[in-house]
Amino acid sequence: MAFSKLLEQAGGMGLFQTLQVLTFILPCLVIPSQMLLENFSAAVPGHRCWTHLLDNGSAVPANMTLKALLTISIPPGPNWEPHQCRRFRQPQWQLLDPNATATSWNEADTEPCVDGWVYDRSVFTSTIVAKWDLVCSSQGLKPLSQSIFMSGILVGSFIWGLVSYRFGRKPMLSWCCLQLAVAGTSTIFAPTFVIYCGLRFVAAFGMAGIFLSSLTLMVEWTMTSRRAATMTVVGCAFSAGQAALGGLAFALRDWRTLQLAASVPFFAISLISWWLPESARWLIIKGKPDQALQELRKVARINGHKEAKNLTIEVLMSSMEEEAASAKEPRSVLDLFCMPVLRWRSCAMLVVNFSLLISYYGLVFDLQSLGRDIFLLQVLFGAVDFLGRATTALLLSFLGRRTIQAGSQVMAGLAILANMLVPQDLQTLRVVFAVLGKGCFGISLTCLSIYKAELFPTPLRKSTAAQGNRQEAVTVESTSL
């Protein structure tokens, strides 16, 4: 490629590229906290109906135990635990009789929790579920908030691509970090669930821009031969962020504090991102060769490369003439289906993407169904994902793309299927299969990000990436619902 030759004259892979990757590692460490936040901030605590005898101190008989009060106030649920959504209309004193039978409970009149709920605060001091009573008849609103969040990423993947091409990658990255920081921080002040969901949508909208701009800048300033390694490093940072979320949520049990901790760092990231140079390739294509030359010389100076003095406007324009001309030709997702080979590859990628993403996010968004200690589960998921991503480059050098992609996805599917077949009471075994599946997903996702960039010609790679981002958002939104 023409721009690759310009990068070589600017030092190839040097100190600048190292500093750039370190900069992009920062949002990758924090973004998982935003994406997976509701595993903790929207965790469903144990709950039961509020009752006069149990929760109105002046009405509690002095000589009665808590168990006895529960017996006469709350009917038993499916597992003979206190029902979470019903209560007796009147105290059922006859149930204290040792000879009481199941018929006695069935004959008693019950009603919904008209006075609200009492929540178990031993694990979380506060969650959005407890704040807005997203339980029982309103339990469907809980996944709705996650779905709205992913809708923000879906809309952002459409809008920010156009904004990035018009105004540049660097200002978009800084703005999106600031937008995510402001919207995420404002969420803790949301007076209603509707406003909370709206702010989460705005935060996710900004997150889509961070994904797009950071990935584009990193790819355009990295030598082609080093892109796979660079993407693996950034992917490992994302995995480390998942593990860090488990520890952060363990330390911060209040949803507002956790939300704040996951949002405030983006203020700093927005400021730090200003040191990054704009994409020289984009500047040349947009007819700004003088500024592109400045950015290339800046990179060369950081890399300690003296040959940058040979870079001139004439060299830039002659090197990028063909690429600039091809960039002016309109490209769209429809171009992927014009040629039989590309059409087959595109359809295959759609199927692979969908099956991978719906299983992956279905697993990581539902920690409470896998075990009681969701903090440990989150750390384990992040650790095994890190291990899977870190070993992908080594595996690819021995086995190749197709073998790794197919093998890891089949292994992940078998692990998730085994997890579904294991009885609920065998929690440890279920966790083992889930963690194994998560590790295989990490390998598969990393391999896919490298593989799909090699399957399509350069002019169509952006269309492929945009299609993948939109499909991911749609798939995750469906998974949330």
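Backbone N, Cα and C define each Cβ position, glycine as well.
Remember, TrEMBL labels are computer predictions, not curated facts.
Here is what TrEMBL says about this protein:
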DOMAIN    101-481  domain 'Major facilitator superfamily (MFS) profile'
TRANSMEM  147-165  transmembrane segment
TRANSMEM  172-195  transmembrane segment
TRANSMEM  201-219  transmembrane segment
TRANSMEM  231-252  transmembrane segment
TRANSMEM  258-276  transmembrane segment
TRANSMEM  346-363  transmembrane segment
TRANSMEM  375-399  transmembrane segment
Task: Take a look at 172-195, 201-219, 375-399 and tell me which one has the most Cβ pairs under 8 Å to the transmembrane segment (258-276).
output: 172-195
Message: Under 8 Å between C-beta atoms and at least six residues away from its ends: which parts of the chain pack against the transmembrane segment (375-399)?
response: 32, 36, 39-40, 228-229, 232, 235-236, 238-247, 249-250, 364, 367, 407-408, 431, 434-436, 438-443, 445-447, 450
Message: Considering every residue in the domain 'Major facilitator superfamily (MFS) profile' (101-481), what is the mean pLDDT value?
response: 80
